[in-house]
Structure formats: C-alpha cells, structure tokens
Amino acid sequence: MEQDNLYNLLQSIDTPDDLRHLSADKLPEVCKELRQKIIDELSCNPGHFGSSLGVIELTVALHYVFNTPYDRIVWDVGHQAYGHKILTGRRDAFCTNRKLNGIRPFPSPSESEYDTFTCGHASNSISAALGMAVAAKKHGENNRHVVAVIGDGSMSGGLAFEGLNNASATPNNLLIILNDNNMAIDRSVGGMKQYLLNLQMSEGYNRIRYKISQMFHRWGILNEERRKSLIRFNNSLKSMLVQQQNVFEGMNIRYFGPIDGHDVNNLARVLKEIKDMQGPKLLHIHTTKGKGFGPAEKAATIWHAPGIFDKETGERIVVDTKGMPPLFQDVFGNTLLELAQTNDKIVGVTPAMPSGCSMNILMKAMPERGFDVGIAEGHAVTFSGGMAKDGLLPFCNIYSSFMQRAYDNVIHDIAIQKLNVVLCLDRAGLVGEDGPTHHGAFDLAYMRPIPNLIVASPYNEHELRCLMYTAQLPDKGPFVIRYPRGRGSLVDWKCPMQEIEIGKGRKLKEGKDIAVITLGPIGVQAEKAITHAEQETGKSIAHYDLRFLKPLDESMLHEIGKRFKQVVTVEDGVLKGGMGSAILEFMADNEYNPQIKRIGLPDQFVQHGSVKELYHICGMDEEGIYKVLISF
C-alpha cells in the first residue's frame, strides 16, 4: 500500500486514454511517478536503465498529444521504451520485464497493440514509420499520425539516412523525433554527432513558416501548384533567416528545434502545434540519458544497464567474482592488447560497443589503434576491409545478432578479396534476457556457405586466445571467431598462446559406442552429460571438439564415420544450416550411415529468459544432452 501511494496518478493510468483525461498541469507529476517506478523496479530487476529515464517527458507528451494506438509511435532500438510499456497497460506486469514468460524486453506487436513495430536493433524506425505514414495516406486515413522516435546514437546508422532520404519522395505526414542525448551505450561518435551539437534554427523562421502553413490548410486552398509555390517561398525565407545549412531541410524535411526534452508541457505544446502540418517533419530535442537519477546522469555508459543497485545510495551491487572464470569479452580485450603490443599491424574496430565487447581495453592503452565507428555494422566491416587492403590487420568485433546487418559487406568486401580481417562475433548463441532480437542464433548457418572464410569457435578461454593468435599470423585470410556472452570455464586463463592448425579439431575423450561432436563452449555442457550418461548406462562415449566449422576436420570426421553407428552433435546455434547440418552432409557425401541426433536451437525465435532457463527449454543443457545420449 505504501508503494502504491508513491504512484497516485500512475495507478489511475491503465491506458493512454486515462492519461489524456488529465489536465496538463498534472503531467510533471506523472513524469515524476513514472521515473520513480522505473527506478524502483530496475533496482531489483535489472534492465536498460539510462535510456528509459532520459525519455520520460517525451513518452508522456507523445501519449498525451497523440491518439495512440490509432496514431503510431515507432521506437528505434526500443531500450528506451519502459515508460511506454508502463503507460500502455503493462504497469502491473512491469515487474516481470525480461523474465521468462514475462513482458518482453523491447516493444513487440505480439505483446501489445501500442507496440507498432518490432525493435531491438538500431536505425530502423524512420523507414518503418515512413512506410506506415505512406500506407495511411494510401488508405485515406489523413487523420492518422505516425511518429518515429530515434536517438541513442541510432542516427549514425546508414538505414536512418536511407529513410531520411526517401521521406519526402511520397506524400506523408511523418513526424521524426530526434532524441539527442549524445550517447549510444558509449559516447556517440562521428560527424553527425558534431553536427547535432552545433545545429541551431531560427525561431522566427519556424514561426512564420508554421503560421503560413496553417493559414493555407485552414482555408483549404493547398493544391499541388500552391504547394510548390510554398516550397519556393520557404527556400527564400530560409535563406534570409537561417544562419546555416540544415541537412534535414536539405532533404525537404521540416526541422523544428532544438528544444528541451525534459519540459513536458512545452513538449506537449510543440507537438500539438506541429502534428497536423503537412509533409515530413523533424523535431529535435535535447535530453540527458539517466535523467532524474544522479549517478546515471554522471556515468551514462555504466548506467545503460547497471544490474542490481541500491536506489537510495546509487551504489551498484557488484557480485564478487573472485575465483570465477573471466568473461569471454574480457579475455578478448586483454588478448587483443597483448597481441597488438607485439604486432604493429593490428587495429581494433567496433560499431558503438567498445565497453560491451571490451575493445575499450585496447582503445585506452593505444587510442590511435582503436576505432569506434558508431552504430554502423556494414561500414565497420568494409572499413576494416579497406585497412586490410593496405596492410593493416583489423580485429572487427561485432555482436553476432548485429553482424546480420553486414552480411553483404562480409561477402562482397571481405571474402571475395580474401582480405586479412578477423571478425570476432561476440554474444554468439543464446544471450538471455534481451530475447530474440539479440540471440546470436544464426551466424554459424550464415557464415558457413561463404567461400574463403575460416569459421571457428573456442571451447574455452585458452582456445580463444590461441585462435586470436592464429588469426593474426600472416596470410590467414578472413577469419571468423565466435564466442558467447558471459563467463568461460577456466579460472586460470592466461595460457601461453600458440598456433592452432586451421581446420583441425581434437578428440577430448576416447569412446567406442557413441560419438559426441561439439562446437564451442557448449561442449562443457556435453562433457558433463557424457559423464552422467556413462555412469547411468555403462556405455563408452567419445567426445570430439570440432573447433572449426569451416574448413571441417575431414580426417576426424572420417574416423567418426568409420567407427561409430551413433553420433550426437551439439551446437549453440540454429539447427537448420548449422554445424549438425554440416556433419549430416559430410556423412551423406562420404556414404557413411550413422544414426545422427542433433542438439541446437529449434526453428523458431527463442524467447527471453536467463541463458540457463533457455538452454533447458531448448534441450541444450546437461540434462537435455543426457536425455539424448541415453535415448539410443
């Protein structure tokens, strides 16, 4: 009851209709309660913190001014949409956010009609919202508004510019909200960041243009000829009143702002003024990531997703990791620095994830050799290719699910030319609470068919170090190393690095009845299951670590094909087209006929939950592998 008293207004808002019945003077209090609700919930149930706090006022203003869900709001990335979820019927369920069978971590149309488009990756909001705005026009729904909310570094993505470039090509009333907080997860980078910092627009120009537009709209005399005349007048007016060229206006998108994104009443006023203007338009707002929670405002990167924390003191509850294996990410970062200290050709590239992938270790020690290119995965790959073409050796680290956005670049710009680029796919396999948009489910299947690639996955931290060492040796060509999120299995991980023969797996355990073939760290789960199954059944089970999906260790597979009638494959990726499929193809091509059972991700988008829970559901944990082994 005491907790409910903190949310007197919020408790009365079950849908945005309830919000719209409040007087405008109540909106600041709604914002205060909404911000406190997120702080309270995320202090004990971790999630994306800073981004959601930064758009509280915008979220309230949007649902207050627009007739959602008839009017469409498309969130870019979606990690800032917690306030939106709470205001749209999920207030009481918000405590289940990111938990197994709870509400989803990002907006999802299957969860709510207020979630207009699936999101989780960056830079797609303008294109999606533009499509909706054009569809509304085609359907004669001239009173339907469509809003794209983009920020958190997403404007550095090429898809955002493709949407902007196309926005004025077809009649529509799209409104783009540019949430400018100078942040992605880490600090935003690049020319667009600097442009937005400097951008100013004449208030007189905006005011005059708006009044003229309203007058023509009110009189009903805005035909095509007059619209073209207005555009010519607009350009002349702009040349007189605007002090600098505006890239958005150059694309025939009306620009408004920048304005304070934390003044909810002024935001609502401006949105009301511009929402019925004809044609595409952009409202530029300035916000602070983590607004309203002091520690998050001061350290936005750490507080992007801080984990559990004390909401009174702001102290993050850090788990004691002494005696635990390291994160694969930290092994990568430290090993990269170690290699760079002896190989002056090595450089590091990351698309806006230096802290997430631990590229920041190299960037701090050797800032001139680390490149954060912003949320631009395709550019990151081709940029790496360009450096490799002229003698550098890039380690390009991209999350597996985000590498999907750069697939053509891998084929066209790296593989065909057989360039010496090391593609490190972090977060490969199931990642847990971030759900289907972030699981690294497909990389084995989509990398396997590409000629000239080497595709490998380490069993543990030692193998990661040795694969990185091998990849930086001369003339290896394009080299893909995939590894999961989280901790490995070895506490003592700083082994001497040595070359691994390309395409060579290893036999971890001898056996005579069943052969288990694994790829990557999921082999540790199989190792436990093998011990359990042997104890229960008395069967002798061999264990092979494939290490390389491409090229395959054909001599090892010939041995398995000749010796075993029962084979189990285990992989942390989709079964269709993955490692198990490669084994099936090899056995068929070489006329071996063992009984093969494959363990991996099913043909569906796996939901969110802890990795442990999801492994169990997919039958990929020790228990699931054990059940398959004893089923022969």
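Including glycine, each Cβ sits where the backbone N, Cα and C put it.
Model, not experiment: these values are computed from the prediction.
Over in Swiss-Prot, the protein carries these features:
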- His79, Gly120, His121, Ala122, Gly153, Ser154, Asn181, Phe293, Glu377: thiamine diphosphate binding site (BINDING)
- Asp152, Asn181: Mg(2+) binding site (BINDING)
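Maximum intra-site Cα distance, thiamine diphosphate binding residues His79, Gly120, His121, Ala122, Gly153, Ser154, Asn181, Phe293, Glu377: 32 Å.
Comparing Glu377 (thiamine diphosphate binding site) with Asp152 (Mg(2+) binding site), their Cα atoms are 16 Å apart once rounded.
Within the same chain, the residues at least 6 positions away from His79 (thiamine diphosphate binding site) whose Cβ sits under 8 Å from its Cβ are His48, Ser51, Ser52, Pro105, Phe106, Asp152, listed in sequence order. For Asn181 (thiamine diphosphate binding site), the count of additional Cβ atoms within 10 Å of its Cβ stands at 23 [all protein chains shown].
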